[in-house]
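What follows is one structure encoded as structure tokens, with my remarks underneath.
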Amino acid sequence: MGGFEDDEPPSKRARASSVEPASLLDSFSCLKPAAPLGSTMARPLPSQGKEVMVGSKGVIKRDEFVRIITKALYSLGYEKSGAVLEEESGITLHSPTVNLFRRQVLDGNWDSAVVTLKKVGLLDENIVKSAIFLILEQKFLELLRNDNVMGAIRTLQSEITPLGVNKKRVHELSGCIISSPQHVLLGFSKLGIESSNSRLKLLEELQKVLPPTVMVPERRLENLLEQALTVQREACYFHNSIDGLSLYTDHHCGKDQLPSCTVQVLRAHRDEVWFLQFSNNGKYLASASNDKSAIIWKVDEDGELLLKHTLTGHDKPVMMVAWSPDDCQLLTCGMEEVIRRWDVESGKCLHVYEKSGIGLISCGWFPDGKHILSGLTDHNFCLWDLDGKEVDCWKGQRSSKTSDFAVSKDGKLIISMNRESTIRLFDRETKQERLIEEDNTITSFSLSEDGDFLLVNLISEAIHLWNIRSCPIRVNRYAGHKRSRFVIRSCFGGSEQAFIASGSEDSQIYIWHRATGDLIETLPGHTGTVNCVSWNPANPHMLASASDDHTIRIWGLKKANLKRKDVGSSNGIYANGNTPSNGVVHQCNGNSSK
């Protein structure tokens, strides 16, 4: 089994001490209550005032509700439907003055637009000045674009500067006068608008400045609905659905959305399975074993895993695997041995990486896909290009046996062990480092998809979640699983990585709610220590586990009459991994690939 104690020989464990307008009009009928006298929603009575409320809670102002719907119709291009709603409801989207103002802006009648804006009745002088500044800025830039430099200078000196607004931007506009025409386009981009449709974008900017009672913000209905769906999703304790949220029903996920049922058992390895990892696109799974082999499994369209390649050639047990960013290549690392790079499609060994007199104990890819990184038995880290040329080598862990490391997606942050209970966060650009210091020995760790959180497994049968965006802060703790001797690996997973899963020495898989830390599921099935788990990044309903019982289990949803599929000698894949039916054994001796 291999121990975790210092006096035991190296082993897998020795790691630590679209809708038509007509149909939209028809849809308004759903707002009419079934009453013989008809609806006051669709056609207002003269006595109904602005404060009339709608909805079961009585908190929605009727005129705001109608205006937002009208705005949405116009935004979707349903001009006739929007006009009909304005006429039938008696509630106009904009006042005549605002409509005139909008036309003047779109027509480029800047002076008239400023005059009309002052007639809207805005009480806050700062808002008026900010809106006028945007209008005159557009006027200035268009004058420059049309080579009317003198007109632009007059606008800047006699109209924009006296407003006393945004002096930094005024200085930038001054620079446009003495710069090349490209800077005029830069002026548009700094405003967030392209010259081709700059006036429409200007209206959007004005809507952000002016009160919503004057101009309804763009996409307001969409924003409200998105907020409602977000609240429902965040309130859903077991949220793990594949399908998007619907507007038709309130969202709720049950516990049955978690992968808690064994749907397949993979039996191709001949010995303990120590490590496994899904590819970035979720279409493959790679596993590493004490039998000195790695296996690439393909996830078919029905979610069944089929053996694609058995990769042999290592002289020692395979400790871990790592997928390239594009999932076209795979790294396998032998225990204190070498790293091999494989082509996923053909199963061919492309290169062997080794360092004379020093064993390699971990492997990973740089985000550019052009370099690989490895931890060494002398506690250093080495960076190679794909051809095996050593690009960089630097001092890493000082006394820890744990070989885990991680690299941020931008390649700037390298996370590695520093001491038995300390993780080093090293910025390659600034050369600065931050430390995560634990009270107990660290056995493994993994980085979240967004790169902001680190999951740290400890010898004390605890898993800690750290926020590493700035100064590392511990934000949660997960407990319940068993670990006394061996390296047990955990992972993020599920929809938006809302859950934490871990193996355990009691042969079970443990699943916690990431935000609350609650243990929500325990999955029995294996008959040996569960060393590693991996959650499919493309399918939140698929979880894989690797065990000392020589098997890999694939976990999915509980379904009626679901029959478990065993991949092993029963379907042509023999216990030793040789696969005459749907898998191919590939060997690599390392000679021809260097």
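Placed from the backbone N, Cα and C atoms, the Cβ positions cover glycine too.
No curator has checked TrEMBL annotations; they are predicted automatically.
As annotated in TrEMBL, region 'Disordered' covers the listed stretch 1-20 rather than the other ranges in 1-20, 421-440.
If you look at the repeat 'WD' (523-565), the same-chain residues 6 or more away from its ends with a CB under 8 A from one of its CBs are 1, 12, 240-242, 256-267, 269-278, 280-283, 285, 287, 289, 297, 299, 303-305, 449, 486-495, 499, 501-505, 507-511. For the repeat 'WD' (266-307), the DSSP counts in helix, strand and coil order read 0 helix, 22 strand, 20 coil. In terms of DSSP helix, strand and coil, the repeat 'WD' (523-565) has 0 helix, 18 strand, 25 coil. With DSSP states grouped into helix (H, G, I), strand (E, B) and coil, the domain 'CTLH' (94-151) comes out at 45 helix, 0 strand, 13 coil.
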